[in-house]
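Encoded as structure tokens, the structure appears first; notes follow it.
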Amino acid sequence: MAQASGMDPLVDIEDERPKWDNKLQYLLSCIGFAVGLGNIWRFPYLCHTHGGGAFLIPYFIALVFEGIPLFYIELAIGQRLRRGSIGVWKTISPYLGGVGLGCFSVSFLVSLYYNTILLWVLWFFLNSFQHPLPWSTCPLDLNRTGFVQECQSSGTVSYFWYRQTLNITSDISNTGTIQWKLFLCLVACWTTVYLCVIRGIESTGKVIYFTALFPYLVLTIFLIRGLTLPGATEGLTYLFTPNMKILQNSRVWLDAATQIFFSLSLAFGGHIAFASYNQPRNNCEKDAVTIALVNSMTSLYASITIFSIMGFKASNDYGRCLDRNILSLINEFDFPELSISRDEYPSVLMYLNATQPERVARLPLKTCHLEDFLDKSASGPGLAFIVFTEAVLHMPGASVWSVLFFGMLFTLGLSSMFGNMEGVITPLFDMGILPKGVPKETMTGVVCFICFLSAICFTLQSGSYWLEIFDSFAASLNLIIFAFMEVVGVIHVYGIKRFCDDIEWMTGRRPSLYWQVTWRVVSPMLLFGIFLSYIVLLAQSSPSYKAWNPQYEHFPSREEKLYPGWVQVTCVLLSFLPSLWVPGIALAQLLFQYRQRWKNTHLESALKPQESRGC
């Protein structure tokens, strides 16, 4: 046990362990790992679908009682024990080694599909250097006499995404072929990641200044431009208008808790690895609070930026809807051109409905409400590659804004990949399973190459379906289980008193009552509640996916299909296999200890001198 005034007995264990050049590198690395694509395309969606400003109430409650306490534990144990995820948990208890292996496994799986998202971003980024943008118009059909029917039915942006980028199949069972343009982008992405992590924190520490700070510059530029566009005020009003009644819905609280959990990248092992390179007496409490608050403020900042642009898109779509209706009225009733303005349209329509309802009823008039267009938001890739991309399309200088947007997404994803790869590479070195003569550059290259080969399946025509499966099942339940085991392991196995002594030694201040209560009671209860809620949701949800099928009668809506049986088995395996490391390693350690005791007992019996007997 480390005393506040004593020497650290662990410092000499790894004197040669690399250290950050300065504190800013460490903070930016943790922020870059935590602040990822989810801050841009998931939090704004949750905020606007769950009561606007009302969603911030459960969000910040989850931040205070779940996110920050768990984050503090990870930074503290990484800094104190100076090891990666596997080494930390083996040091705390050999029976908890499975937690580290589980975190390692999830980081590996997430790295596979996360870098695939980056290849999509890279493809759009490269195509943004064209004028006009390639998704601004439909291509001509084979006869060169009209436009491709699929594009006319779905829209230019959706067609470019689903057909010209993914070339997606209409069923997950039809794997299709490798899309070579995506394959080359995958090569470029993994090469970029390798060059950035080739020397661990020595190389990522240099790159992180750009990858972590550039997104904030672009968000600020977009915010300034967005606030000057028509409809920005309506978008922000729609986003933050509170609906307090929605707080009665338990799903809102679950989504808030899970968003905090995944947004901070808890239980991946990356933060433990980053903290292990700190000076032993660094103030990790201040770091945990600072990074967590920056992460949450970034989510809010991104939401304001995104919905200022989305308000412009909705206003633009609303205006075009009115223009189409006005044109129909002018053609039907022989009004002079430009005789009906958008402001006059409601009163003119009301008059015609009262005087000539039969003629009006025959017209293909659409119902135009600004709120309906604001409702057409999306989460995940749908926001980045379809909704927001279409919004940028209507902005003056669209190519410039597209380059900035996808450049921002690429740097966001790249800095998150640094943390994922640290969660994979650092434990491998800490386990000492490799010959000491193997250079770090070689080992890092082998890991990146294995990840690249494993991720080739995502470049198939059915690859996006598989990415959705990995995104939905590979991390969610596993990380919740690992986080719960982290709290239990530190508080009840390592010992709360010993842990508090260590923190006092590192920071010079003993953890307050708030920290101890959240670690002992609140955070474990919240994690257990999230785990049960996830199990219930999985049991209630149908094992289905939405396919892009031009032959579907309701196209361009995506057709809902059930996963084949073998795919459902894959989903179950992804959900629980990494977690099986926990009982598996504990059982193996138990058997090992039992075998050792059995050997020692028999050895003692064999060496014990036999009593002399009389004649």
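Positions of Cβ are set from backbone N, Cα and C atoms, glycine also.
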According to Swiss-Prot, do E150 and H554 sit on the same side of the membrane? yes
Between the C-alpha atoms of N353 (N-linked glycosylation site) and N143 (N-linked glycosylation site), the distance in angstrom, to the nearest integer, is 43
Mind checking which of N143, N167, N353 has the fewest other CB atoms within 10 A of its CB? They're the glycosylation sites. N143
If you measure N167 (N-linked glycosylation site) to N143 (N-linked glycosylation site) at Cα, how many Å is it? 21
Determine which recorded stretch among 53-73, 256-276, 291-311, 398-418, 521-541 has the most C-beta pairs below 8 angstroms with the transmembrane segment (473-493). 521-541
Other than its close neighbours in sequence, what residues sit by the transmembrane segment (521-541), given a CB gap under 8 Å and a spacing of at least six beyond its ends? 62, 65-66, 69-70, 250, 254, 257-258, 261, 476-477, 480-481, 483-484, 487-488, 575
Please classify the secondary structure at N143 (N-linked glycosylation site) using three-state DSSP. coil
Over the span of the topological domain 'Extracellular' (48-52), count residues by DSSP class, listing helix, strand and coil in order. 3 helix, 0 strand, 2 coil
In terms of DSSP three-state secondary structure, what is the assignment for N167 (N-linked glycosylation site)? coil
Using Cβ distances below 8 Å and needing 3 or more such pairs, separated by at least 6 in sequence, tell me whether the transmembrane segment (256-276) contacts the transmembrane segment (53-73). yes
